[in-house]
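Report on the following structure.
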Amino acid sequence: YQYPLMFGLILAFCWCSLVCCSRIYMGMHSILDVIAGFLYAILILVVFHPVVDLIDNFNLTYKYAPLIIISLHLALGIFSFTLDTWSTSRGDTAQILGCGAGVACGSHVNYIMGLKLDPPPDTLPLSLSSLTVTVFGKAILRLLIGVIVLLLTKVAMKKVTIPLACKIFCIPRDDVRKARQRMEVELPYRYITYGTVGFSLMFIVPSLFQFIGLS
């Protein structure tokens, strides 16, 4: 979409500042952590930006891309942590990895089925349509339906994954909160649940919008 450069810079700066400040305010990270994370993000951007189209093309077109994506994200979640005591960091990381894997797999399915293809290059940049009551109403309706579907997906997967993981690894289910602190329960629960949410976000919800005429 075509929008003023200054608007994009201001939005990016505000969003980045809110994320950084929230981490410090919640006591999750120190100022030094946030600065290091910000610099690390720039390093990642510099390294991956030149090959992002190549990665995206691989994700969309390669037949076994979903299998590789799921395996890679799962391996990162399992082998990136060796904790002596429980920490929220492990669960948060599994949640992010699961969501990323779900989004990537949803994009792959969209491409294979011919849904939500990128517009032809000669039609870019797209211009923002004028805001009318109808457009605003559709946007609010899409938001409400999408949020409800994603929340229901999260609740349903949570109900299934935690008891299933406890049963598989023979972990008592009397205290669910304590059981969730075990890696055998926490990682499958977070990864599968939020992987499904990410997949729903990219494939199921847009397909539902198309079915009911809200695309």
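Yeah, the Cβs are placed from backbone N, Cα and C, and that goes for glycine too.
In TrEMBL this protein carries:
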TRANSMEM  6-25  transmembrane segment
DOMAIN    9-52  domain 'Phosphatidic acid phosphatase type 2/haloperoxidase'
TRANSMEM  32-52  transmembrane segment
TRANSMEM  64-83  transmembrane segment
TRANSMEM  95-113  transmembrane segment
TRANSMEM  133-152  transmembrane segment
TRANSMEM  191-212  transmembrane segment
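Mean pLDDT of the predicted structure over the domain 'Phosphatidic acid phosphatase type 2/haloperoxidase' (9-52): 91. Counting only same-chain residues 6+ beyond the ends of the transmembrane segment (133-152), those with a CB under 8 A from a CB of the stretch are 197, 200-201, 204-205, 208-209, 214. Sequence-remote contacts of a segment are chain residues at least 6 beyond its ends whose Cβ falls under 8 Å from one of its Cβ atoms, and for the transmembrane segment (191-212) they are 70, 73-74, 77, 94-107, 109-110, 115-116, 142, 145-146, 149-150, 153-154, 157-158, 161.
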